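Taken straight from TrEMBL:
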BINDING   ARG35, GLY58, GLY59, GLU79, HIS121  S-adenosyl-L-methionine binding site
DOMAIN    55-148  domain 'Methyltransferase type 11'
Amino acid sequence: MIESSPLSPAGDRHFDGLAEKFAGSLYGGPRGALRLAMLDALLPEMLDLDGQPLLDVGGGLGQLSAWFAQRGHAVTLLEPAGDMLDQARQMLDSLPVSFVQAPLQALPERAAGPWPLVACHAVLEWLSDPRAAFATLAESLAPGGQLSLMVFNRDALRFSNVVKGNLQKALDDRLEGTGKRQRLTPISPLCHEQIVAWSRECGLSIRSVAGIRIFHDYLRHPPTSEADWQRLVALEHRYCQEEPHWRLGRYLLYTLVQEERTPEEKAR
Ligand SMILES: C[S@@+](CC[C@H](N)C(=O)[O-])C[C@H]1O[C@@H](n2cnc3c(N)ncnc32)[C@H](O)[C@@H]1O
């Protein structure tokens with residue numbers, strides 16, 4: 001029997017058929033709650049927000065789109081997986097959000113911009129060519145436009161594998177998932193150095209960076225009371241932009257800005 005591949009023709013892991021699992025295993029538990037709590041605190045600190053239109057690329061179930069739409073941004077959510085998009089449509093029913101079913105690679109045709117604000121959270125690590133995708137995101141930005149980028153951190157993946165006792169896997173540096181099963185281990189986890197290099201290539205400057213879940217995923221004793229949960233959130237917030245802690249965040253959250261260049265600079 002020939003097994004159909006869950007990968008798209010471009011080799012990306014679209015989340016078709018994963019909506020329930022993703023909703024339950026991430027957003028249904030403390031990891032998702034912590035991510036949302038951190039974004040709630042950090043997005044207003046890391047971005048200049050004045051109600052500008054937002055493109056949410058690979059918007060999934062729509063949690064991030066909801067955050068922006070509830071704050072007055074007209075949101076366009078671009079997502080290739082039909083069942084993710086259906087759930088997002090239901091959740092965002094009453095909010096100013098429009099939906100485009102398409103992959104990031106179709107952005108120039110389907111949601112051209114240029115955009116003053118683009119978000120792409122937890123998507124690049126599911127693509128076979130995240131570098132090309134990064135360039136597409138950069139090109140969609142207006143001069144001075146901001147990209148809120150969140151990526152799954154390869155260094156943190158190594159650390160957590162060692163903490164869990166997967167020593168041979170870590171020694172062999174076999175960290176990435178295959179994307180072929182129902183496991184949610186990304187196929188292209190990324191390093192900070194890649195984001196630095198790609199930003200330089202694309203004329204983006206890194207305005208700020210933070211680690212998301214710098215402590216939580218390594219805890220031996222997860223919080224069991226609301227008071228301890230609040231202490232953990234306070235610690236995550238206090239150290240998420242401090243050396244060395246941000247570097248081991250499970251995700252790295254960036255604000256990248258398209259530098260405004262003169263026509264002469266562009267021609268060079
Ligand atoms: C881990 S989820 C993140 C969803 C959402 N951005 C969030 O932060 O909750 C990854 C999403 O990327 C989408 N995706 C996969 N390949 C994509 C592509 N080529 N273009 C755009 N989105 C893609 C998946 O379908 C899935 O909804």
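Along the chain as shown, the residues are counted starting at 1.
Just so you know, glycine gets a Cβ as well, placed from its N, Cα and C.
Whatever TrEMBL says is automated annotation, not expert-curated.
Selection of the binding-site residues ARG35, GLY58, HIS121 by a Cβ distance under 6 Å from ligand 1 yields, in sequence order, GLY58, HIS121. Neighbour density around each Cβ, counted as other Cβ atoms within 10 Å, peaks among the binding-site residues GLY58, GLY59 at GLY59. Take ARG35, GLY58, GLY59, GLU79, HIS121, the residues named in the record as contacts for S-adenosyl-L-methionine: the widest Cα to Cα gap among them comes to 20 Å. If you take the C-beta of GLU79 (S-adenosyl-L-methionine binding site) and look for same-chain residues 6 or more apart in sequence within under 8 angstroms, you find GLY58, GLY59, GLY60, LEU85, ALA88, PHE99, VAL100, GLN101, ALA102. All chains included, 21 other C-beta atoms sit within 10 angstroms of the C-beta of HIS121 (S-adenosyl-L-methionine binding site). Averaged across the domain 'Methyltransferase type 11' (55-148), pLDDT in this predicted model comes to 96. In the domain 'Methyltransferase type 11' (55-148), helix, strand and coil residues by DSSP number 37 helix, 26 strand, 31 coil.
Within the same chain, residues at least six positions away from ARG35 (S-adenosyl-L-methionine binding site) with a Cβ under 8 Å of its Cβ are LEU26, ILE212, ARG213, TYR251.
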